[in-house]
Amino acid sequence: MTIYIVNIFLFLFKSIDEYRNENPNPVFFLNSLLQTHSLQDLRQQAAIASKVFVQRDYTSGTICKFQTKFPTELETRIDKQQFEETIQTLNNLYAEAEKLGGKSYLEGCLACLTAYTIFLCMETHYEKVLKNIAKYIQEQNEKVYAPLGLLLTDPIERGLRVVEITIFEDRSIGSR
Amino acid sequence: MKSCEYQQIDPRALSAPTPTSTLRFAGEPAPGSRRKWEVFPGKNRFYCDGRIIVARQCGVLPLTLGLILLTSGLFFMFDCPFLVTHLTVCIPVIAGLLFFFVVLSLLHTSFTDPGILPRAFPDEAADVERQIDSCGSHTYRPPPRTKEIVINDQVVKLKYCFTCKMFRPPRTSHCSLCDNCVERFDHHCPWVGNCVGKRNYRFFYTFIVSLSFLTSFIFGCVITHLTLRAQGGKGLVSALQQSPLVVCFFSIWSILGLSGFHTYLVASNLTTNEDIKGSWSGKRGAEDSGNPYSYNSIVTNCCVVLCGPMPPSLIDRRGFLPPEDVPPTASTETALPPFMDKNDGNMCSEGTKELFENVDQSPLFQSQCSPGALKTAPATPDLTVSTLLSPARRPPPSSTCSGGQAHHPAATPCPQRGTLRASNTAFRLDGSTYLSALGDAPEPSYIPLH
């Protein structure tokens, strides 16, 4: 009986896969899709000097929020205000994903009434916002960080624990 | 418990990982590339190509399913025909709906990722250790295991997880059965065969509430059936034998009790873990230690816990591992032991003894014998890894680590943890380190972290 139920689920998943044109995971896949050639070139050609990790800020509870404290390693590379603005925007986006309001309650109640089968068919609000976050990070990398020899990694690839900033060797300046 | 050494991760030993942790190319995975679930380090099992996740010990989930199916089956077969003719046709309809809810929510609870936190990547873990060390003095002791933060005017201690190499977020706990850190960890439920955490708590709650309704409903219907039969005078004994009365009778009290308990937890935004430990119950005496996560309103707490936004799975089970064609970097990679076999026993060297023990996987552990070198010369080329690699493929006895450069002599007894199960491989490694790891045979020469 269990095998029968599992087979039903397998069939359902496969058909839903085709319906959604599913990728391994929409958010993670989007990250890979959004790698432009310029960023790939940066990664392939430049050597990594170090990495900086911006940790989570738990003072407001368990919501996803990153510390806006400016790391000392980035002082020579980027403007403090620009960095803080990026982190603050990320925090705002995550806050929007986790916002408690009519829409999220409605989604939750609807899911409960359908015995949570709706999660198989529909993308949740959180996942939609994660896609926006991925796009925002991509855009920030292209416009602001790559020209400065830095690269932001989407926190979702690090389990929402840290914002990883990779510092590449600054070949234009020459000395290291 | 065996005393193991705490070994720092040497950041110099970190290879230059690629920034991408997922696919390099757009869309198409390389042929033969594996999915991340195949190298997941926790004690979980995966089905349907990573879509379904259960704990390795499935507990009594088959028994749970079997009991539910048996009870409901008996009810539909023996009680429903009588009740439909004597009462109303709604009875099997309601029972059917409840049964549907129960089974679906049970399967959701069992097969959903409870909110597992992926283990820290090596460079991230090294950075955390560096920060810990920079806070304390450079004396002979392992890094502190706790960090205090203030949430809503309450002091909350964050513990460092030695398995996952990170400070656990608030309300996160490491499940020893599953060997994973789980967010908002409630408990590990053997009936369901999985942990109950942030992502599947609402399914679990739906399951026990609908199960209590189902058992109460079946119990009530069966009593009605027997009463009606008793009035008729005949066939009471055979009806008793065929009814699911006994199973229902015994299970109903525990299920109702559990539902009541979890309703209380939901209303006060607590987890079973916190309730049992008494984290917020004012055991510190007069000091006001209320729950900092509660919204101080029953309705809000219920809405948040049960109808809040559904967080995504952080472990990306179905993502593809980085392609294997990236050439490994020279010194560190070749030195590092690959983690091919999920069930490999790894060695723990303790004092001069070398024991096999399951250990966390990072090839960087190899280089941990010389944390001192790291401290004094950040630009140190590597390594010590080469010294660790001997043709005999045995780790040097830890006493040698204490000689010379180590800041943290090897003999430091590390804070114990239970033995870690071996897990595979380089789930959390970046691409290049993982790639080299894939190629070689398993090498039992790890210096244990703890």
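Cβ coordinates come from backbone N, Cα and C, glycine included.
Caution: TrEMBL annotation is automatic and unverified by curators.
According to TrEMBL, the features are:
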- B:60-78: transmembrane segment (TRANSMEM)
- B:84-107: transmembrane segment (TRANSMEM)
- B:157-277: domain 'Palmitoyltransferase DHHC' (DOMAIN)
- B:203-228: transmembrane segment (TRANSMEM)
- B:243-267: transmembrane segment (TRANSMEM)
- B:391-419: region 'Disordered' (REGION)
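Counting residue by residue with DSSP, the domain 'Palmitoyltransferase DHHC' (B:157-277) contains 68 helix, 19 strand, 34 coil. Proximity of the transmembrane segment (B:243-267) to the transmembrane segment (B:60-78) is established through 3 or more Cβ-Cβ distances under 8 Å for residue pairs spaced 6 or more apart. Same-chain neighbours of the transmembrane segment (B:84-107): 64-65, 68, 72, 75-76, 192, 203-204, 206-207, 210-211, 213-214, 217-218, 221, 224, 228, counting only residues six or more beyond its ends whose CB sits under 8 Å from a CB of the stretch.
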